[in-house]
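As given in TrEMBL:
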| type | residues | note |
| --- | --- | --- |
| ACT_SITE | Glu210 | active site |
| ACT_SITE | Cys248 | active site |
| DOMAIN | 7-435 | domain 'Aldehyde dehydrogenase' |
| TRANSMEM | 459-478 | transmembrane segment |
Amino acid sequence: MEGLEGALAELRDTFKSGRTRSVEWRKSQLRGMIQFVQDNEEGIFKSLDQDVGKHPVEAYRDEVGVVAKSAKLSLSCVEKWMAPKKGDLPLVFFPASAQVMPEPFGVVLIMGSWNFPISLTLDPLIAAISAGNAVVLKPSELSPTCSSFLAENIPKYLDPKSIKVIEGGIDVCEQLLQQNWDKIFFTGSQRVGRIVMAAAAQHLTPVTLELGGKSPAILDRSSIPTNMKVIAKRIVGAKWGSCSGQACIAIDYLLVEERFASDLIDLLAKTIKQFYGENPRESKSLCKIVNKNNFKRLLDLLKDPLVEASVVYGGSVDEEKMYIEPTILLNPPLDSQIMTEEIFGPLLPIITLDDIYESIDFISSRPKPLAIYAFTRDETFKKQILSKTSSGSVTFNDTLLQFLCDSLPFGGVGQSGFGRYHGKYSFDTFSHEKAILQRGFFPELEPRYPPWNSFKLHFIKLAYAFNYIGLILLLLGLKK
Ligand code: NAD
């Protein structure tokens, strides 16, 4: 790639100069980010509409608003986050002080994703800036309008000597991954996550992998039927209301007791109509499938004869317009691709169980998901979900909102990824926490040095065991 070496050299020089470390630089970039979002709302809306058919309301909720909120939070907290934190020390170390000082990693690579091409690209950028890094930002080529919009406009608002937007496809990603980065933050699939991690291993580069997986929603009998209408809205909202199911934390499938399935399907169907009208194809509130490859992938999931036979609502497809109707399936085979791979689109399988408590085994015998949703008022069931399953997050009685809580870390576990961000976690993810210990030259504790004897052994044992007698030990240790 032309100019990559030069761009990286410039970023390394800038970082070395200390420019990105100062609080003034960080704050000025965060202000720049806020200004970028304010000035370019319309341009962002248009780009999102072009790439994925996102309605401005959804675009503001999931993209513009998220970025503005993060930038404002970081601006108000960055000074506090940067400040070294005092650490406790054993008394026997007296006189001494301990500090944990966050320092930026250096020059970092951020690879964004296409489904939330603004927020999932700029939110990590805000994090990297707050932590004082120089950055290469690689927006996804699968949302080309947003990618070029960012490449054109970000340099007008942010320091181009420290932050560079590089566009391109797989070949560009491959070249970027060959470089020696100080940190890589990747959002995307498990398949490419493995490639990123293998490349990072060559340089022992730390990585954050924000991946996906099959996130289930459990409907417990205790929440049915009194709350069914609200639950149906929250399910439809989490399946079709955020990029048409092309969201990492979208509900992938539902688990419910068999006796409730029929009513649930009716209510979901009603809610879909309420949200998207009789003909969702005409709805401006439903995002489109991003491209031919993803359309073909979803079609393959649906057109498996045993899967197609399980369609209970929707199922119509328009190949020319790459449209798949919001579709509900009842008990597709568990070994079919739709139940073994992340769906990432507008298809919703419902799996019925005899007893909802079986859902815990169902989930825990599969790869760890990014999110688990559970609609339940049963406190014992909640405790079992928390203690017997593992996932990036658990949300009780709602969907998606965990993503918007700054106090909650956002990230996966196991195959849904590792590392986390949002709020202060974002700053931490792009910082190395440097341990600093300072001591005076007096007094000197002789028992820490050879020649060894039994007094020194007792001394060391006591020093580990009883901090509060540190001062006495100190006095003893001075003499022996
Ligand atoms: P992807 O992994 O296919 O692509 C991501 C990026 O990787 C693209 O820019 C692409 O150019 C690059 N890439 C592809 N092949 C490559 C290769 N061989 N070498 C180097 N780079 C390569 O992801 P996608 O299909 O665009 O996104 C969908 C996935 O992302 C889903 O699994 C979804 O769950 C996940 N996702 C996760 C989050 C999260 O925050 N956890 C958010 C959005 C999407």
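Cβ atoms here come from the backbone N, Cα and C positions, even for glycine.
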Rounded to a whole number, how many Å is the Cα of Cys248 (active site) away from the Cα of Glu210 (active site)?
9
Based on DSSP, name the secondary structure state of Cys248 (active site): helix, strand or coil.
coil
Tell me, by DSSP, whether Glu210 (active site) is helix, strand or coil?
strand
